[in-house]
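Note sheet for the following structure.
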Amino acid sequence: MTRTITLSDGKKIPALGWGNGSGGMNRNPDKALSAGVIALKAGIHHIDTAQIYLTEVAAAGAIKEAGFTKADVWVTSKLGKQGLSVDPKTIRENVQGTLDQLGFKPDLYLIHNPFVAEAGDGNIAKLWTILEDLVQNGPLEGVSLGVSNFRPQDLKEILAVAKIKPVANQLEFHPYVLTHLQPVLDICSANGIVIESYGPLTPVLRHPTGGPLKPILERIAQRVSKEAGKTVDPTSVLLLWTIQKGAVAVTTSTREENIKTLASVDGLPDLTADEIKEIEETGRKVHYRHYREHMEKDFAVPDLPSDL
Ligand SMILES: NC(=O)c1ccc[n+]([C@@H]2O[C@H](COP(=O)([O-])OP(=O)(O)OC[C@H]3O[C@@H](n4cnc5c(N)ncnc54)[C@H](OP(=O)(O)O)[C@@H]3O)[C@@H](O)[C@H]2O)c1
């Protein structure tokens with residue numbers, strides 16, 4: 001079974017995605033290509049790439065080398081250079097860069113972060129309007145538009161002018177950032193904007209101790225293992241939690257064994273409502289973020305400990 005999430009424009013995005021922008025693949029197209037082939041063959045038919053990763057060519061190459069066609073695979077890319085001059089010609093050229101690198105249209109195109117538009121009042125809104133125009137009358141026809149690392153103020157700015165609302169906001173999303181993200185989540189929920197979670201495994205892999213979720217995730221992993229009849233680890237529990245919260249889980253690995261574990265999440269039984277609640281309530285008591293450069297700028301973090 002492939003779990004999917006329906007976007008506000010009706011498209012169904014696979015709920016589990018594999019990214020080629022981390023794990024040593026960023027700016028390393030050879031590694032992104034070989035790991036991409038493994039991920040696709042393992043059954044993850046959703047690649048997350050971006051201009052600034054320099055891995056768009058590798059994403060397209062992996063689809064071909066794995067023996068798939070574009071129709072078999074969901075591809076997200078992102079408009080990425082920082083401080084772009086917000087004029088139609090510059091933006092069109094940059095969008096064309098993605099189309100040339102991929103050799104096809106992505107399914108979803110995101111503004112990588114609010115700082116892609118050069119600083120200036122109203123520039124994020126202007127950038128959104130130019131992208132809308134490229135969807136309505138240009139080379140992005142049929143492509144879903146979204147954003148990434150957008151804070152409340154950025155979302156409000158584009159929603160005030162949007163003819164097409166963003167379908168997704170890709171953020172670091174896991175239980176330890178829930179309290180901080182609540183204002184963003186509220187705006188997204190009110191406007192049908194799906195959360196795409198990057199860094200979903202941070203509580204298990206990057207938090208120095210694992211924090212208060214560690215024993216809870218381990219206990220739930222044992223419960224799910226019994227039901228599934230095979231060993232299920234806490235990383236899989238976190239990915240199930242992410243997806244059952246209605247977010248797309250954009251994870252990654254370059255190791256075949258770990259990729260197979262990630263791909264197997266689609267076949268696992270659901271967490272119970274009580275398990276989802278326990279993870280969420282525990283996570284909300286902590287603030288721990290791995291990627292800090294965008295979401296902590298002019299968006300106050302809560303006064304919470306990073307561990308209990
Ligand atoms: N929009 C943005 O600004 C933004 C920012 C960051 C990331 N992203 C996207 O999100 C993708 C994923 O980001 P992320 O790396 O932060 O995601 P993550 O899911 O939190 O972490 C992935 C890491 O987990 C490890 N891993 C995976 N499965 C594992 C397992 N079963 N056991 C132990 N370790 C495991 C992998 O290492 P191994 O390779 O060693 O297995 C990998 O380096 C990126 O590639 C990119 O496409 C977007």
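We count from 1, first residue shown onward.
Quick reminder: no glycine exception, Cβ is built from N, Cα and C everywhere.
Because TrEMBL annotations are produced automatically, they should be read as predictions rather than curated entries.
Now, the feature entries from TrEMBL:
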ACT_SITE  Y53  active site, proton donor
BINDING   H112  substrate binding site
DOMAIN    18-281  domain 'NADP-dependent oxidoreductase'
SITE      K78  site 'Lowers pKa of active site Tyr'
**OP:** Sorry to bug you, but what's the C-alpha spacing from Y53 (active site, proton donor) to K78 (site 'Lowers pKa of active site Tyr'), rounded to the closest Å?
**Re:** 9
**OP:** Enumerate same-chain residues with a sequence separation of six or more from the residue listed as 'active site, proton donor' and a Cβ-Cβ distance below 8 A; give 'none' if the list is empty.
**Re:** N20, G21, M25, N26, R27, A32, G80
Subject >> Residue among the recorded positions K78, H112 whose Cβ has the most other Cβ atoms within 10 Å >> reply: K78
Original post:
In terms of DSSP three-state secondary structure, what is the assignment for the residue listed as 'substrate binding site'?
Top reply: coil
**OP:** Let me know the DSSP-derived helix, strand or coil state of the residue listed as 'active site, proton donor', please.
**Re:** helix
Original post:
Looking only at the domain 'NADP-dependent oxidoreductase' (18-281), what is the mean pLDDT?
Top reply: 97
